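Feature annotations, reproduced from TrEMBL:
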type	residues	note
DOMAIN	55-129	domain 'RRM'
REGION	237-259	region 'Disordered'
COMPBIAS	237-258	compositional bias 'Polar residues'
DOMAIN	299-373	domain 'RRM'
DOMAIN	409-483	domain 'RRM'
């Protein structure tokens, strides 16, 4: 292509033309530089409006499965974290670094790398706040202003926490007058009233961030803004240690509704098709897991892409019963890799579809969808589990709902014989995959174990094959654990 020349050959016009060419080249360079700069703020398909740099970072899409520790581990490489506020109702969090450069480094790094926790993408930007003035937006907590009443939130609650457990933990620091427990969107919480301010201060200083049980049930303690707790009943959820003559709770009534998210039973009216609505409300408070609507009324699930050589009805029962009671299961003769599973209600079916879609089992990715059939009719090819004592949600339904999750690498085994050894447990399970680590422990006088496999598929196979099997004369119970390490 012929090089462009200036319109006139004089020395003046030649110099002018070269200057114009230089400006054109420079403007092109700066255009590319500006485009490159802008692209740094076009993050993950969304143009970020850059707020003024702040040491406070705003984190979005923080699901219920994401803990405070998860966020801390994500940002600690960039500097000291001074405050963290979990906005559970909004699936958000506010995190304050020690200084602005630390926050800038974090945002610069995650501009090029998608931050993800437990398989969920999270999104970060500078907050409009330059400083967090309180540790929590909870109306019952005032953060660091001393008070004799403590607001306690329990994270990673893998085991039931009762008034007796809380009293045992907090009474060494002073006389505990009253305890009230309740469920909120932030999780399981309790209000603990001491006789003296100093006792509450001592308890908070000693117990903040510690675990009630090894590896779980972590305490997050603040001072409450309440002046006095009102306790109506003495039972496993509330107790007035200064008035032992109070009656126990009347059946069908929710105790201490003024401290939680309102009347749990009234809240459950949003799920009219569910006979266990109270348990659902008790498990999730006002916030269902992300992706769960709570409005599904289809009880039957179609499962496809099964390994027809290795699957059977009992194995499907063991897997799907984690998410609800099983009524019937039918393997389809004309499609050997298909099965129908009828759950106890629409909410349980929705949990199963949500958490099991795409799960790996016996070398196959499961396809799990709602069926067009409202139920499974009884017949020779149908297995009926409606009266099975292995259905998990006949008792402790709220606890079982709370622990629903996608398959993990870690399984939890309970109802073990008292004299069982780790070697016996490993021998019972190791045919299903590589066991990375084990932990045998005792809680409330009962032996339990945590087993970490190399991947989720191995743990899922161990669960479907060995749940409800006999070990040392005891029928063991297996579920997925949300713990990451032992």
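Cβ atoms here come from the backbone N, Cα and C positions, even for glycine.
Look at the domain 'RRM' (55-129): DSSP puts its residues at 27 helix, 26 strand, 22 coil. Model confidence over the domain 'RRM' (55-129) stands at 84, taken as the mean pLDDT rounded to a whole number. With helix defined as DSSP H, G or I and strand as E or B, the domain 'RRM' (299-373) counts 19 helix, 24 strand, 32 coil. Counting residues per DSSP class in helix, strand and coil order gives 22 helix, 30 strand, 23 coil for the domain 'RRM' (409-483).
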